[in-house]
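Novice: Take a look at the following structure, please.
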Amino acid sequence: MQIKLANPRGFCAGVDRAIEIVNRALEVFGPPIYVRHEVVHNKFVVEDLRSRGAIFVEELDQVPDDVIVIFSAHGVSQAVRTEAAGRGLKVFDATCPLVTKVHIEVARYSRDGRECILIGHAGHPEVEGTMGQYDAANGGAIYLVEDEEDVASLQVRNPEALAFVTQTTLSMDDTSRVIDALRKRFPAIGGPRKDDICYATQNRQDAVKQLADECDVVLVVGSPNSSNSNRLRELAERMATPAYLIDGAEDMQQGWFDGVERIGITAGASAPEVLVRGVIQQLQAWGATGADELAGREENITFSMPKELRVKSLL
C-alpha cells in the first residue's frame with residue numbers, strides 16, 4: 001500500500017489565529033480563560049487547551065464576572081456581544097476574519113432594509129452567529145436555506161431588494177447549485193462577486209478531489225462536528241472513492257484497507273498535522289509505504305493577533 005497526502009491540508013490561517021489567541025491569553029493572563037464554544041471544531045485541540053486551563057462553555061451565563069472570554073473562530077451574534085459588553089467582560093475575539101467579512105455584509109444589508117438569504121447548515125455556530133448580525137428593525141428579514149428545495153419553497157417580502165451570503169465552510173459544488181437556483185428564482189438578487197466560501201475550504205476541496213481521483217480510499221482527519229471536514233469526506237465519496245472521517249489513528253480499522261493499493265490522507269482545516277502523522281505511522285505499521293505529498297496550491301495567508309495579546313507577549 002502506498003500513502004498519498006493532500007496538499008494543502010490541515011490548519012488554515014483562521015484556525016491558527018484562533019488557537020494562538022487562546023494560547024497567548026493563557027500565557028499572558030494565566031488560567032482560567034473562558035472560551036465560548038469550542039474555539040475550533042477539533043477534539044484533540046480542545047482537549048489540549050482544556051488541560052492547560054481553558055474552560056469551554058456554550059453560553060455567557062456559564063461565565064462568572066470579571067474573567068476573560070474568547071469568542072470562537074465561528075463568530076457570535078450581536079446579541080452575544082451586547083451581553084458581554086453589558087456585563088463588562090474582557091473579550092478577545094477569535095472570529096475568523098473571513099467570517100467577519102460575511103458578518104459585515106449581513107449588517108450592511110440589515111441597515112439598508114434589504115432582505116438577506118444565508119446559504120448554510122442549520123445549527124452550525126457560524127450560521128447562528130451570521131444570522132445574529134441581522135437587525136430587522138429597518139424592515140428587512142434574513143432567511144436560511146440549505147439546498148435547492150429550500151429555495152423553491154422560500155417566500156420573501158420583496159424579491160427586488162434581496163441579497164445572499166454563504167457560510168464559509170460549505171461544499172463549493174453544492175453552494176454553486178443553490179446560488180444558481182436563487183438567481184433563477186430571484187433574478188434581481190445581489191450578492192458577493194463570488195461566494196463567501198473561504199480560500200482554505202476551496203483549496204482543501206480541490207486537493208481532496210485530486211486525492212480521490214488517484215487513490216482507492218481516502219482518510220479525512222477531522223472531528224465529526226467539523227463542517228469543512230465532513231464536506232471533504234462527502235466530496236471523495238461523490239467521486240466513488242470510499243472515504244472515512246476519523247479523529248485520529250485510533251479510529252481506523254485495518255479491514256478498510258484490504259485489497260487497497262493507494263491510500264489518500266487529508267485533514268480538515270481544524271485538524272493539526274500531529275494527527276496526520278499518527279495516522280501515517282499506524283498505516284506504516286500495517287504495511288503501507290511512503291507518504292508522498294501531491295502537488296498543490298501554496299498558502300501563505302496570515303491574520304494578525306489582537307493588539308493587546310501581541311504587545312503583552314513581547315514584554
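Cβ coordinates come from backbone N, Cα and C, glycine included.
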Novice: Out of HIS74, HIS103, which is the one Swiss-Prot records at the isopentenyl diphosphate site of HIS41, HIS124, SER226, SER227, ASN228, SER270?
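Specialist: Same isopentenyl diphosphate site in Swiss-Prot: HIS74.
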Novice: With CYS12, CYS96 listed by Swiss-Prot as binding [4Fe-4S] cluster, identify the candidate in CYS116, CYS198 belonging to that site.
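Specialist: Candidate in the recorded [4Fe-4S] cluster site: CYS198.
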Novice: Which chain neighbours of the isopentenyl diphosphate site, leaving out HIS41, HIS74, HIS124, SER226, SER227, ASN228, SER270, have a Cβ atom within 8 Å of the mean position of the site's Cβ atoms?
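Specialist: For the isopentenyl diphosphate site the neighbour list reads VAL40, GLU126, THR169, ASN225, SER229, GLY268, ALA269.
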Novice: May I ask for the distance between SER227 ((2E)-4-hydroxy-3-methylbut-2-enyl diphosphate binding site) and CYS198 ([4Fe-4S] cluster binding site), taken between their Cα atoms and rounded to an integer number of Å?
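Specialist: That separation, Cα to Cα, works out to 13 Å.
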Novice: Give the distance between the Cα atoms of SER270 ((2E)-4-hydroxy-3-methylbut-2-enyl diphosphate binding site) and CYS12 ([4Fe-4S] cluster binding site), rounded to the nearest whole Å.
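Specialist: Cα to Cα, SER270 ((2E)-4-hydroxy-3-methylbut-2-enyl diphosphate binding site) and CYS12 ([4Fe-4S] cluster binding site) are separated by 7 Å.
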Novice: Sort out the sequence-distant neighbours of CYS12 ([4Fe-4S] cluster binding site) for me: same chain, 6+ apart, CB within less than 8 Å of its CB, listed by position.
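Specialist: CYS198, TYR199, ALA200, ALA269, GLU299 - these are the non-local Cβ neighbours of CYS12 ([4Fe-4S] cluster binding site), listed in sequence order.
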Novice: Report, as a single number, how many Cβ atoms besides its own are within 10 Å of the Cβ of SER226 ((2E)-4-hydroxy-3-methylbut-2-enyl diphosphate binding site).
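Specialist: The answer is 26 other Cβ atoms.
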Novice: Does anything in the same chain, at least 6 positions from CYS96 ([4Fe-4S] cluster binding site), have a Cβ under 8 Å from its Cβ, and if so what?
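Specialist: Within the chain, CYS96 ([4Fe-4S] cluster binding site) has Cβ neighbours under 8 Å at GLY14, VAL15, ARG17, ALA18, ALA73, HIS74, GLY75, THR168, CYS198, PHE303.
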